[in-house]
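Asks: Okay, here's the structure, questions in a sec.
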Amino acid sequence: MTRIETVRLRAVLDSRGNKTVEADVLTESGGFGRAAAPSGASTGEYEAIELPVNEAIAAAREHAVPRLEGRVYAGDQREVDDTLRAADGTEDFSEIGANSAVAISMAAAKAAADVLGAPLYQHLGGAFRGGNFPIPLGNVVGGGEHAQEATAIQEFLSAPVGAPSVKDAVFANAQVHGEIGSLLEERGTPAAKGDEGAWAPSISDAEAFELVEEAVETVSDDVGFEIKFGLDMAAAETFEDGEYVYGDEVRSTEEQIDYVAGLVDEYDLAYVEDPLDEDAYEAFAELTERVGSQTLICGDDLFVTNVERLEAGIDVDAANSILIKPNQIGTLSDAFDAIELATRNGYETVVSHRSGETEDATIAHLAVATDAPFIKTGTVGGERTAKLNELIRIADEAL
Ligand SMILES: C=C(OP(=O)(O)O)C(=O)O
Ligand SMILES: [Mg+2]
């Protein structure tokens, strides 16, 4: 019923104005799915390979499409993804590109859901899913690789942990973003926006902490539920010759651990992503030992949605949470495997967008399908609200 008839690939624009891969999958019974690959800027060294778009499309047309058309069922996601892996023949999708692979993988899932007449989250997660919703972590101030002349820390994330519903949480994050805009205006601090729509003022990290703390407190008082905040420190981007360089601050590994542990205490942080380098399993473990009962220590560049790297982390208690980015590993099946391994080992999952995004809302469904406790997908901007509004629609059963 869901046998793939046609796979079409094209280049479209992402939110940075770069080209990215879009895939259409059509089944013999008339099912249709369309998906597009996102793209990172602060990419981890161990991520699957994103090829230049024209190369990725040409290679996928040559190697993957003939193996899928007329041969593989879109409803059998494992077979779709195994076929992509076999067509590629490498560990890291360097032949057809993780950008082609993830677009086809996600488009096939959507085509199968279309044939079944089920929402994507139900096709991926089963009939009993749809009752739990992730807490959205919303980037409200940021810099690093996502904006020039802004904070050294990549992301300050609003975390509406006490929100009674996903809709309240989404609106609260937007309100925090708006409140920060007002505070910056009052202070006469000009601010552009970074790649993910967060404010990117030219202020120090210390000033950003005060600003975000004030905004979440103000909005929390207004909406009547608890809003905390968290960070993506993207430390691998700042790690040079054994030291962490954040603006004028240079810290050894031990100093970085002390600094982050101090921030967790001082600001009661809900979440800290990539506080240390992408190879620093032992240092991660030391920090998790110190503050892991108070906050989430999340591996993004550390784990790159890869079960082998996650297993190595689980072995040494490196973290208590993992970021899940399907394009980091190349297929939905691989992302599911990482989620399953994480969940079985008590790690919280955070399904995530990339800094370069499209209108594609697959990750909203992936988060609901897997009962992910968190989703990180920005706060404002059309490519971010595409996912946030989809969560609201899923909760409203208005798909
Ligand atoms: C979303 C992120 O940024 P990028 O997509 O640039 O890796 C991140 O680092 O978590
Ligand atoms: Mg990150």
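From the backbone N, Cα and C atoms, a Cβ is placed for every residue, glycine too.
According to TrEMBL, the protein carries these features:
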DOMAIN    4-124  domain 'Enolase N-terminal'
DOMAIN    130-399  domain 'Enolase C-terminal TIM barrel'
BINDING   His146, Glu155, Glu273, Asp300, Ser352, His353, Arg354, Ser355, Lys376  substrate binding site
BINDING   Gln154, Lys325, Arg354, Ser355, Lys376  (2R)-2-phosphoglycerate binding site
ACT_SITE  Glu196  active site, proton donor
BINDING   Asp232, Glu273, Asp300  Mg(2+) binding site
ACT_SITE  Lys325  active site, proton acceptor
Asks: Please list, in sequence order, every residue of the chain apart from His146, Glu155, Glu273, Asp300, Ser352, His353, Arg354, Ser355, Lys376 whose Cβ lies within 8 Å of the Cβ centroid of the substrate site.
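Replies: Close Cβ neighbours, site residues excluded: Gly40, Ser42, Asn139, Gln154, Glu196, Asp232, Leu323, Lys325.
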Asks: Per-residue pLDDT averaged over the domain 'Enolase C-terminal TIM barrel' (130-399) comes to what?
Replies: 97
Asks: Could you round the CA separation between Asp300 (Mg(2+) binding site) and His146 (substrate binding site) to a whole angstrom and send it over?
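Replies: Roughly 16 Å, rounded to the nearest whole number.
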Asks: So which binding-site residues out of His146, Asp232, Ser352, Lys376 end up within 10 angstroms of Gln154 ((2R)-2-phosphoglycerate binding site), measuring C-alpha to C-alpha?
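Replies: So the list reads His146, Asp232.
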Asks: Taking only same-chain residues 6+ apart in sequence, whose CB is under 8 Å from that of Ser355 ((2R)-2-phosphoglycerate binding site), what do you get?
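Replies: Long-range Cβ contacts: Arg16, Ser39, Gly40, Ala41, Ser42, Glu145, His146, Gly194, Asp195, Glu196.
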Asks: By CA-CA distance, flag whichever of Glu273, Lys325, Lys376 among the binding-site residues is nearest to Asp232 (Mg(2+) binding site).
Replies: Glu273
Asks: Give me the Cα-Cα distance between Glu273 (substrate binding site) and Lys325 ((2R)-2-phosphoglycerate binding site), rounded to a whole Å.
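Replies: Checking the Cα atoms of Glu273 (substrate binding site) and Lys325 ((2R)-2-phosphoglycerate binding site) gives a distance of 14 Å.
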Asks: In the same chain, which residues outside the set Asp232, Glu273, Asp300 have their CB within 8 A of the centroid of the CB atoms that define the Mg(2+) site?
Replies: Gln154, Glu155, Leu231, Met233, Ala234, Val272, Asp274, Cys298, Gly299, Asp301, Leu323, Lys376
Asks: Measuring Cα to Cα, tell me the gap between Ser352 (substrate binding site) and Lys325 ((2R)-2-phosphoglycerate binding site) in whole angstrom.
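Replies: A Cα-Cα distance of 5 Å.
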Asks: Around the Cβ of Glu273 (substrate binding site), how many other Cβ atoms lie within 10 Å? Please give the count over every shown protein chain.
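Replies: 28, counting other Cβ atoms within 10 Å of Glu273 (substrate binding site).
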Asks: Write out how many residues of the domain 'Enolase N-terminal' (4-124) are helix, how many strand and how many coil, based on DSSP.
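Replies: Counts, helix then strand then coil: 51 helix, 26 strand, 44 coil.
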Asks: Taking ligand 2 as the reference, state which of the binding-site residues Asp232, Glu273, Arg354 have a Cβ closer than 6 Å to one of its atoms.
Replies: Asp232, Glu273
